[in-house]
Amino acid sequence: MYCLLKLAPLFLAVAVCNGWLFGDFVGKQKEQDEISLWPLPQKFQSSAVAFKLSPASFQIVHAKQSSAGPSCGLLENAFRRYELHSPLFTFEPVLLYDSDLVELQVWVTSADPECDGFPSLQTDESYELSIDEPSAVLKAANVWGALRGLETFSQLVYEDYYGVNNINKTDISDFPRFAHRGILLDSSRHFLPLKVILANLEAMAMNKFNVFHWHIVDDQSFPYMSRTFPELSQKGAYHPFTHVYTPSDVKMVIEFARMRGIRVIPEFDTPGHTESWGNGQLDLLTPCYSGSSPSGTFGPVNPILNSSYDFMTQFFKEISTVFPDAYIHLGGDEVDFRCWESNPDIQKFMAQQGFGTDYSKLESFYIQRTQSKGYMVWQEVFDNGVKLKDDTVVEVWMGNKMEEELQNVTRAGFTTILSAPWYLDYISYGQDWQHYYKVEPLSFPGTDAQKKLVIGGEACLWGEYVDATNLTPRLWPRASAVAERLWSDKSVTDVGNAYNRLVQHRCRMVKRGIPAEPLFVGHCRQEYKGL
Amino acid sequence: CRCFLTLYFKIIMIVLCNYICSFSMAHTGTHSQPVRSCLLLVVVSVCVQQVHGVWPLPQQLHQSADRGCLSPQRFSFTYGRDSAAQTGCSVLDAAFKRYFSIIFPDFTKGSGLLMLSVKTGGCDGYPDEDSDESYNLSVSEGQAVLRSVTVWGALRGLESFSQLVYQDDYGSYFINKTEIVDFPRFAFRGLLLDTSRHYLPLHAILKTLDAMAYSKFNVFHWHIVDDPSFPYQSRTFPDLSNKGAFHPFTHIYTQSDVMRVIEHARMRGIRVVPEFDSPGHTQSWGKGQPGLLTPCYKGGVPSGSFGPVDPTIDTTYKFMESLLKEVKFVFPDSYVHLGGDEVSFACWQSNPNVRKFMEKMGFGKDFTKLESFYMERTSIVWQDVFDYHERIPQDTVLEIWKGEKYQAELSRMTQAGHRVLLSAPWYINHISYGQDWRNSYAVQPQNFSGTEEQKKLVIGGEVAMWGEYVDATNLTPRLWPRACAAAERLWSNEEKTLNADLAFPRLEEFRCELLRRGIQAEPLFVGHCKHEYDGL
């Protein structure tokens, strides 16, 4: 905006405002606060007619026809978050003026608004938003769609030259392209303090992500505090008090996520990636042998002992009560067979079962005995021929032969989500968000029925080099690229246009307190204040 | 801890810290029982021998397992009677305050004695290229003595001392018997921040200066302006930032901001070398100074865009002279960085006036005339100036930034008798997956073909954090601890510090120490710190 005031060095002004990279877009000079929705809605019509909103008089209310009312805690909470004076809007009222737009009516249409429910894979997140005088109307089947619409509404509001909140006459009809739009955070390689997780749930909601894939434990540490087996975190966490998630922490994460329409899918990866489990649960892991004697090191979960299964049954019983989502991620990746091979008892067991030397059969044996409710697994479990329940979601993570894998998994009739192209822990110099943006999840050869089985994707931020110090700027706005790919229409692929919108969107995140890193040279009107 | 001992401190000057608990003999090896005096509380893990490294590694360090505990209630710093510096020495008074709370984070006050005696005063001066930063630190039973020639050396010694103190599981503070003889390998150990491509709020710069002091960096190279924005508020030419900054009020450095940076740096023994890069990299200058930049031509008419500074008109030189005069007045350091890199000749060539001028002068392209205005001060320039120009004053320092073949460039430049700064291998704005600090660590600045004399002309190096993709949101974790690798290369003995695997645990520990001190340093690899980062 400031730049527009000065017309003389136009090229420079625009270049600075929009970043230097896209010289081609100089012609389309953009006002700094021009609407920049992210992710882009499916259908969007906007006119130049602008209405004023006054922080003093404008309010978000339940529509008369709505099935949700003031007793709907989830929406009441959301209204407060999206009120103009809330932290999500840091606009300061400069002038007193009459509002053109006095209210946003939120109209939940289905009989059960699901105020106290949890979002699920089947949740309808669609909404319609109509901005007109004197009232704007947000219409959605349930509270989840209403949440998405509220976020969009908040992104439509902009400040004019005089600091007044404006919103243009707009009609939006929106729904997600994919049902599963996830972020994976890894709290085992480094412990992530609760507030980092909560802040990122907030950022997820701004980007319309709806699944928090919580890779909560792994080889390095076991921060999940189990009621049934408290020794797991007492002995397996980096520190038994400061580096754990207590039951109330977990509850808070789940509730905070629910309030934002985000599912929490915990991952308890077995039988590999379980070193830290062994500290608090003796005899759970396979003793590795060196020659004919135990070497003192341990491998994957010991699949030949009944005690392992008894433990897993009890443990996962707890997990399915603690985490309300219909899905648990069981991992199953990167099982190192060498330790199993070295162990004479396991060799004997293999012979008894007639598995020969095919250790994937042993893995299969293990997985089948630990199946609980709905679950997700990493692709190896499918690759190794484990018999899976029909509703299993297979997560494709290996970069090589990704399309082939998608083809195979869907041909076998399984639903799948894609994370291979979106390993955000791999960093490089420059604008790598463009690579994430250009991915087309359905580009693999297959029938329409097969393509329908791809239910979404996940951006993964593994924790080897990431902790509270650098997680948030490393994740945002790079994950935003994935967010738009998973929400918006397939045809939304213009990188230049995305760049302009994303620059604004990242400034919006910064303004809302999320330290999202810059895309390129430039500035935000309100720079990051933390540090 | 009921064990007493007087630790006293002499900083050429003598720092006397009395009543530190006594030295009990703890044995080497893990889980050794403490002997007698360190009583009940101190049972198993307490006297685990803690190896507390210092980063960057001192030139000579001898540590024994003997340790004494420090009592924050009784610990204090004082100036010795024979010290040239006494109470009122701004640099050291402030340093004591700082280091007390660094050493004893849980305590706000202490009482007791600190004796400090300085032979050479200089408390109100600025560090410069000749500053002697050496110090000797001796922590033994009964006393700790820190000797240095200057206050700047005292600061380095205090930093090392602070890194030697550790806490056991019960919160008691200890320090092992230690002898350190230390001095920097290179006199110029710099870090570049770029405040033009993104504006960096003042507190981000101050925080960086803190972390620099912890790693014994001593030069802040402030790449303050460039093409994208001109945040420096000039008193002579206020329009430069009024029109050239991202925002004329929120995205600028006022004179008092600059003063604060310089003083904050001085207190930590850090020089501030500003860079006003010209004649290229000056797009933002043109907004507030019409007529400064060369109008580019397209097909015989001005295209509306501008190139480098216009070298053909007198007003340019008058402007530059005034601006540089101000810069030299505002920034006390004897060096100014004049840039001189990446000048695009295309625009100059397109402009008929420039072509005419070149004809008239016979060579034209050479920017020596402008450079002559800078000569009152020693200047640093980027390597391009050496690569493309013949006549460069002998005392000009050349900074190497081009990544490939920097060894060959080192040979050529030192052969020509120039002093050289190396930053090519330390462009740490370039990020990649994994432990890239190891690459920075492996750099050997004097490993090029040349005589001993030539090698001496390498006066140091710089870590550069260019700002294309960096602002306040990600600066600190991207900078630390990655910059620490170069810090050690520039300070420590290379032969003792070539093995990155050996350095790893010490750096890991140092990174946790940075976190404890409030620096948002990112992790090196999987693991945890006792005090995790508490922000977002």
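The backbone N, Cα and C atoms fix where each Cβ goes, glycine too.
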Disulfide-bonded cysteine for B:C296 as listed in TrEMBL, from B:C123, B:C347: B:C347
Recorded disulfide partner - B:C512, candidates B:C484, B:C529, source TrEMBL: B:C529
Candidate in B:C69, B:C123 joined to B:C89 through a disulfide, as TrEMBL lists it: B:C123
Residues in the domain 'Beta-hexosaminidase eukaryotic type N-terminal' (B:129-164) grouped by DSSP into helix, strand and remaining coil: 14 helix, 12 strand, 10 coil
Mapped DSSP class for B:C296 (disulfide bond), helix or strand or coil: strand
Average model confidence [pLDDT] within the domain 'Beta-hexosaminidase eukaryotic type N-terminal' (B:129-164): 89
Length of the line joining the Cα atoms of B:C89 (disulfide bond) and B:E342 (active site, proton donor), in Å: 44
Spatially closest candidate among B:C123, B:E342, B:C512, B:C529, the listed recorded positions, to B:C296 (disulfide bond) (Cα to Cα): B:E342
Three-class DSSP secondary structure - B:C347 (disulfide bond): helix
For B:C512 (disulfide bond), the one of B:C123, B:E342, B:C347 that lies nearest, given that the recorded positions are compared by Cα: B:C123
Spatial neighbour of B:C123 (disulfide bond) that is closest, considering only the recorded positions B:E342, B:C347, B:C529 and their CA atoms: B:C529
Close in space, distant in sequence - B:C347 (disulfide bond), Cβ under 8 Å, 6 or more apart: B:T294, B:C296, B:S305, B:F306, B:G307, B:P308
Which of B:C512, B:C529, the listed disulfide-bonded residues, has fewest other Cβ atoms within 10 Å: B:C512
Cβ-Cβ distance under 8 Å to B:E342 (active site, proton donor), same chain, at least six residues away: B:G280, B:H281, B:W382, B:D384
